[in-house]
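Heads up: the structure comes next, in structure tokens.
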Amino acid sequence: MDKESSYICDVCKEKLSSRQTRRKMFCRVSSLESSFMCAECSKSFSMGFEVTEKNQSFYACDECNKVYQFRSSLRTHSYEHSKAWPYRCNQCGKGFRFNYLLNNHMPKHSGKRNYKCDKCQLTFKYPCSLSTHKNIHDEQKYFQCEKCDKIFLNKRRFEIHVVKHSDRKIHKCDICQRSFKFKKNLRNHMNLHDEKSPFRCNQCNKICLTKCHLKRHMSTHAF
């Protein structure tokens, strides 16, 4: 598959057909610090939490376990957990740095589909979704989910998406037998069995997955 077809819009997470289109979209949200900063504990990192499956690298959010293909996307997403962002959705509470990002988000709640294909009259919530759909008429290779009809130009992203609709949990913990859909979730879970974990509460010995989670837990012991 042409590499030019495998880029993701960092605003709505839909596939874009060219690197240039993605770059134009991303440049509006890329003026953040060059290192990672956790929105909860303000600790800076040079890399995200990296998960490797089938020689593909992904970056997982420590707060909600969303996975991103690009480190820059994870950095942008992490700020959604910070109350410092001024534009917040009154439906779900999600925060945004810019008002246009909030406006792009709102169709998720309204159900309005204002973008119509001029070839088959199908309508879409987002312009990026319409752009992706038009590739079908251009006979470009694509992958469509049978459950929700979402379209992907990248096979690996499609495979990850399909798992979300499945009840299968093939990644099992050898210690407690708990199962997970994604390997990244199992790896996070294994930290709970690590006696040498650096994120252990010195009050009750509870082990937390991240420093952020430990900090939040410690507040429950405060008087």
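Positions of Cβ are set from backbone N, Cα and C atoms, glycine also.
Positions annotated as domain 'C2H2-type' by TrEMBL: 59-86 (among others).
Annotation source TrEMBL lists domain 'C2H2-type' at 87-114 (among others).
Annotated domain 'C2H2-type' per TrEMBL: 115-142 (among others), in sequence order.
In this model, the domain 'C2H2-type' (143-170) carries an average pLDDT of 78. What TrEMBL lists as domain 'C2H2-type' is 143-170 (among others).
Marked as domain 'C2H2-type' by TrEMBL: 171-198 (among others). According to DSSP, the secondary structure content of the domain 'C2H2-type' (171-198) in residues is 11 helix, 4 strand, 13 coil.
What TrEMBL lists as domain 'C2H2-type' is 199-223 (among others). Remark: secondary structure over the domain 'C2H2-type' (199-223) totals 11 helix, 2 strand, 12 coil, with classes taken from DSSP.
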